[in-house]
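**Q** Submitted below is the structure of interest, expressed as structure tokens.
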């Protein structure tokens, strides 16, 4: 009887412990959701502020919240949730990158594709090399811990990753289409390249380095890069074909919306399953789905998916910056560097200097090479635009932090002084670059490029679902997705079409792609103007007066 009573008492205490833990989690989640709401409200109130943007607002709110929690817990804790790489890479990053591909102006992106790949892939390798060499040369002398060659190369990959999330909020693709296309495209390719490079460094045997090993490393990198892109394209095409053939919207628009969302997420998870780059995969899946799948669904599903993807991306971005702000004050990591703050400041300063040097080492030379291939002066990147590109890409964020946690912690914790210094230095660089460079980017752009209001009539992308920032019922919106009629596929003449024809020869890569797309791809996978008329299908309202009817209804 006594044993039964003791067993019951032990079971009761465990249940109470679990109940208390669950209650604490519920409280933390409630507070975090309330902070997300506060970030949205305050960000809206500061919308017109020339210094602030939503990422900086979320960071500062996170910092203030961390200070309050530190005071309440008497220096024991500073955040509500424990940072998790899985939370970041599996749940938060996919909607951000997918929406970037889904909303991107494809004409601008692919018109500058070679330059974007130069910056995003070759530039990242140059930056990683310079940062790694600088860390070996300078940080090694500070004697902060025992690091091998793999650690130094990993540091290069960590700090070569720019923050594509933050730069998207700094530039506007309607005001500066060329700059937005280059910085945005480079940011996505850069993140993917950095993650692939980081994973390759971790899985590669660096103890026996020779020419054969170097070529093997490069071949493995290119294999991951191109296979990830191919997987994203294939997943997007499958979703387009399935929705085009089955016409889910005939019975329920919810099904086609759900299928689009699940196929987008499936592309990312398949890449992770096959050890590929999920960032590249989900990005190109977003581009393909916006080009084909989005035009195969009903009008209500188009509106729903456009705003749903943008909203999920916005919430994920806010969540990341809010948490980074709170985690920056984690007392466990700072305790290791409290006895030598000068060393931590020195390491952070060296890393920040190497980030700036590494970026300058490829932005200006590669811009020069890119300009050599451009005959049209308006397509060349002038020195002011190069400075803006260099500056806007100096920000480091959650990707760098997640990679640093992966390299220097175990389950978010570390007991080694050297690892703790690298974590705190990463946090310092991320905070300083995001807040300082982020606040100065808007004034810098206004100073260097005061008259950059772009005309969107010719440069507007006919095939892309526009960003949520464009008013849905605004009669001036530039979404001319309905300009081409079903079956005819004829562009409505634009005022500057003759000027565009004279400036840009028709025999270009884009011209041949459009011919191939119209002849082979769209008839199979659908897309604007190529979905056949079937009663009850997404095109049941198609008629010669479709454009007029839709515009009158809007």
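Heads up, the Cβ atoms here are built off N, Cα and C, so glycines get one too.
Since we're looking at a predicted model, the values are computed, not measured.
Features from TrEMBL:
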DOMAIN    34-445  domain 'Cation/H+ exchanger transmembrane'
TRANSMEM  27-46  transmembrane segment
TRANSMEM  58-75  transmembrane segment
TRANSMEM  87-104  transmembrane segment
TRANSMEM  116-140  transmembrane segment
TRANSMEM  152-171  transmembrane segment
TRANSMEM  178-201  transmembrane segment
TRANSMEM  221-243  transmembrane segment
TRANSMEM  277-295  transmembrane segment
TRANSMEM  307-326  transmembrane segment
TRANSMEM  346-366  transmembrane segment
TRANSMEM  387-408  transmembrane segment
TRANSMEM  420-440  transmembrane segment
**Q** With Cβ-Cβ distances below 8 Å as the criterion, list the same-chain residues six or more beyond the ends of the transmembrane segment (27-46) that contact it, or say none.
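**A** Same-chain residues near the transmembrane segment (27-46) but 6 or more away: 52-54, 57-58, 61-62, 65, 80-81, 315, 318-319, 322.
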**Q** Quickly jot the same-chain residues contacting the transmembrane segment (307-326) by Cβ under 8 Å, restricted to those at least six beyond its ends, or write none.
**A** 32, 35-36, 39-40, 43, 54-56, 58-66, 69, 78-81, 83, 88, 91-93, 95-96, 98-100, 102-103, 165-166, 169, 257, 261, 264, 397-398, 401, 427, 430-431, 434, 467-468, 472
**Q** Can you see whether the transmembrane segment (387-408) and the transmembrane segment (221-243) are touching - at least 3 CB pairs under 8 angstroms, only pairs 6 or more apart in sequence?
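**A** They are not in contact.
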**Q** Near the transmembrane segment (420-440), which residues from the same chain, at least 6 beyond its ends, have a CB less than 8 A from one of its CBs?
**A** 51-53, 55-56, 59-60, 63, 144-145, 155, 158-159, 163, 166, 170, 321, 324-325, 327-328, 333-337, 343-344, 347-348, 351-352, 355, 391-392, 394-398, 400-401, 404-405, 407-409, 414
**Q** Does the transmembrane segment (277-295) reach the transmembrane segment (346-366), going by 3 or more CB pairs under 8 Å (6 or more apart in sequence)?
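**A** Touching, no - the transmembrane segment (277-295) and the transmembrane segment (346-366) miss the threshold of 3 or more Cβ pairs under 8 Å.
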**Q** Who are the chain neighbours of the transmembrane segment (87-104) in space, where the CB to CB distance is under 8 Å and they lie at least 6 residues beyond its ends?
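**A** Residues 164-165, 168, 181, 184-185, 188, 191, 264-265, 268-269, 272, 278-279, 282-287, 289-290, 294, 309-310, 312-313, 316-317, 319-320, 398-399, 402, 464-467 contact the transmembrane segment (87-104) from elsewhere in the chain.
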